């Protein structure tokens, strides 16, 4: 083990440590320092002198020993030295009670006989202040506002030995700001408050108070915006500077008067047509008022007054928009209620009444300013007829026909009601519609129409309307006659009345039908000896036809929908009278007569054929009438042959007939005109 070291000196500069110095021991690699306080001790290993034992208690007496150490072991402890640790540093509590002072306080320190406290600007400017005291607090005064100071304090014992020191940086509270200015923004109802920056101030608080209302604004700059101010109010503005040391005294209050509030209780009265009176309630802090009146055509006038009412000129049918502003040195009040006042609309002009029918009139007029609704009133007849519409036209119906009326158009607006001073216009309604009482036929194409006259000084017009055209007759009495109506036609007959006031509605139509027309053409064709075909052209208006052939020997008759007919039981060689009746769908009948008709002569009977020499044939027959001439026809494949005897004979010869053929022989009466009769009996000859 190494030799025992010898302590040269031991001392304490910090309250929690003791520093020891000794002579180096040859061969020692480390040293063990021991500080013993009664039964407790603290050991520390160091490599060389000096060495420090830490973790000690302040103002405590310790026995200090040193042992040298190498690989062989530890030496015996050196002779001890008694060393006492210095006093602990006082723990300061510092604040700045005012902008030019700092108060320092601390708790008592064990074994301390007194304290030393020094103060100096942290930037090194100015002089250093120092105070010794046995108390536990003191105050430094006459300091610079808003300035950072460094404070150092330590305690000493009865021997005057200083202990640990304690350093603290403290700033004095700032001075109150100066050069305070307030700029008021009347449009936004806010104020911009500005001031000169104060040394050492970190933040500022602006207080705007009015009665119990307080508004605050905090900022780190030298200006602040205070929003949401009330109109017609007086505020007092003060500013306080702040830093980590505290706050300054508030500045002297600066008065701020805001703009006046918008006037209320605005009323508009029309004292008489053309004159408006605008009045309102007085406004606090309002020095004078301006009233703006703008009409809906864009024209604007204004009135400047210190009173609470103004007079204006007005016109009918206009809407006026009225706003009132109050003014003071701070500016113009905000926009308050914008009232509108609509004067009564003007009376309609360019009035026109046009009758659509006897009981309906259409009234039109030019639009007028300010009118939202029009009322048309027709007074007369049996009462009053009203029509309301937003359009500049109205149709009055259900008027009494042929009656005088007073028609007036009134204009109305929702805001102001109606203008009831408009003049009426006198009109008369058109005649009443006539009522047809009777239609009678006075001839084939002559119709008499009668009606009930129900108008005074009216001309009546009767019209027959059909596909064939229009027929008219007029009269101022109660009847007229329609002439030359065509046959087979359907008409609708109506009547109207005309007067200087207009034309009535037509009466109810009465249907009228004329008798059907007779067919123009009628043709008779004999089909067989006892059957005749009759055909005819279409008769206008006819649906069915009845044809009749009359003779002393009998009658043949046919009823049909067609334009032809087959009549049987015809006697040959007989004269007939021909008649036809055309019948309409409703049963109207026209009787038509035509030229007489003669049936063809009767065919001969007992036809016989005899062979003659020279390839000839003789034809015999029995004539029905000796006055009738006959003709015999012989038809074969090798030729056609005929013969006609003299009047009164009942046979004839046909010669030079080719042999070896089959012939058809027909004997028929000879007609004066037209084709040969083909319906007589045929004989075969071989």
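Heads up, residue numbers simply count up from 1 along the chain you see.
Just so you know, glycine gets a Cβ as well, placed from its N, Cα and C.
Annotated domain 'Fibronectin type-III' per TrEMBL: 1-88 (among others), in sequence order. In the domain 'Fibronectin type-III' (1-88), the DSSP tally of helix, strand and coil residues is 0 helix, 49 strand, 39 coil.
Annotation source TrEMBL lists domain 'Fibronectin type-III' at 89-175 (among others). Taken together, the residues in the domain 'Fibronectin type-III' (89-175) have a mean pLDDT of 93 on the 0 to 100 scale.
The domain 'Fibronectin type-III' annotation in TrEMBL covers 176-261 (among others).
Look at TrEMBL and you will find 262-346 (among others) tagged as domain 'Fibronectin type-III'.
Look at the domain 'Fibronectin type-III' (430-517): DSSP puts its residues at 0 helix, 48 strand, 40 coil. The annotation domain 'Fibronectin type-III' is assigned in TrEMBL to 430-517 (among others).
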